[in-house]
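In what follows, a structure is listed as structure tokens, so that the remarks can point back to it.
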Amino acid sequence: MIIVTGGAGLIGSNIIKALNDRGHTDILVVDNLKDGTKFANLADLNIADYMDKEDFLIAILADEDFGNVEAVFHEGACSSTTEWDGKYMMDNNYQYSKELLHWCLEHQVPFLYASSAATYGGRNADFIEERQYEQPLNVYGYSKMLFDHYVRDILPEAQSQVCGFRYFNVYGPREGHKGSMASVAFHLNTQLKNGENPKLFAGSDGFKRDFIYVEDVASVNLWFWENAVSGIFNCGTGRAESFQEVADAALKYHQSGDIEYIPFPDKLKGRYQEFTLADLTKLRAAGYDKPFKTVAEGVADYMAWLNRNA
């Protein structure tokens with residue numbers, strides 16, 4: 001069996017799809033379906049079982065027998081960068097992850113987990129997987145950084161695979177449940193489909209992010225699992241592309257609309273990463289050599305998927 005926490009979310013459900021494509025269907029999905037709309041991300045996938053995340057944690061703490069577990073992909077977390085309830089964030093993203101990590105180490109189960117580029121904070125260069133480059137801007141980024149530090153301390157003695165991925169700006173199929181936290185590409189498509197002009201923050205040609213297509217993220221996860229590589233790795237494309245380029249790709253697909261520029265919100269000032277760019281030195285040195293989709297390629301693919309599945 002393979003366990004995927006956050007399996008009904010964007011990255012988790014795409015990992016399940018990639019596993020299905022490789023013939024794996026004995027999959028336990030762990031999630032919180034209080035937001036029932038997330039079921040749609042699993043509707044076309046083949047899984048063996050589902051557990052609520054609270055019930056799963058109780059089972060882990062009680063050391064219940066899950067049989068032969070081949071891997072745990074831990075994608076479940078509160079991923080809202082605008083959530084400021086620190087206790088909730090630390091319980092969800094830090095304590096829960098520690099419990100699951102220790103269960104995996106005890107049972108010699110490969111543990112692959114979601115970290116985040118939010119650990120780097122507001123820097124504009126050197127997004128490198130080392131302590132001196134980490135200074136998060138929000139409690140979400142802090143919770144991810146703290147767990148990475150915990151993992152770093154454990155790695156030298158770990159007898160089974162422990163692998164973290166610092167996801168950069170992930171977008172693609174199965175993110176419709178995320179609301180305001182969905183990608184710019186998702187929101188632009190919705191606006192264009194509704195006959196509206198797509199909206200960007202003023203200055204978006206200068207805001208550059210490392211946008212990575214979610215299928216590429218799933219590919220990275222499965223390659224590292226199959227090759228039993230441990231460590232903490234950036235998961236981005238190694239390119240910084242502007243929000244303007246995302247909008248241009250959406251407009252090209254829809255063949256309509258003009259961009260409207262709206263003022264940058266005061267509440268995000270000083271808490272917003274204006275630039276991200278994954279340093280892929282460690283990822284490539286580990287042996288992952290597949291290319292990553294550009295924004296033009298990924299957004300075109302995503303627009304086709306969104307409008308095919310509307």
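Cβ coordinates are placed from backbone N, Cα and C, and glycine is handled just like the others.
Note that the structure is a prediction, hence the values are computed from the model and not measured.
Annotated NADP(+) binding site per Swiss-Prot: 10-11, 31-32, K38, K53, 75-79, N92, K144, V170, K178, in sequence order. The DSSP secondary structure for L10 (NADP(+) binding site) is helix.
Among the features that Swiss-Prot reports, active site, proton acceptor is placed at Y140 (among others).
In the three-state DSSP scheme, N169 (substrate binding site) is classed as strand. The Cβ of N169 (substrate binding site) lies under 8 Å from the Cβ of A117, S183, R209, D210, F211, I212, G236, T276, each on the same chain and at least six residues away in sequence. Taken from Swiss-Prot, the feature substrate binding site applies to N169, S180, H187, F201, A202, G203, S204, R209, Y272.
Note: K178 (NADP(+) binding site) has non-local neighbours L10, F186, i.e. same-chain residues 6+ apart with C-beta under 8 A of its own C-beta. Per Swiss-Prot, active site, proton acceptor is recorded for K178 (among others).
With the fewest other C-beta atoms within 10 Å around its C-beta, Y272 stands out among the recorded positions Y140, Y272. The Cα of Y140 (active site, proton acceptor) lies closest to that of E75, out of the binding-site residues E75, A202, S204.
Taking only the Cα positions, the spacing between A77 (NADP(+) binding site) and Y272 (substrate binding site) is 20 angstrom. Nearest by CA distance to Y272 (substrate binding site), out of the binding-site residues D31, K38, E75, K144, is K144. Each of the binding-site residues L10, A202 was scored by the number of other CB atoms within 10 A of its CB, and the lowest score belongs to A202. For the binding-site residues listed here (D31, E75), the lowest count of other CB atoms within 10 A around the CB belongs to D31.
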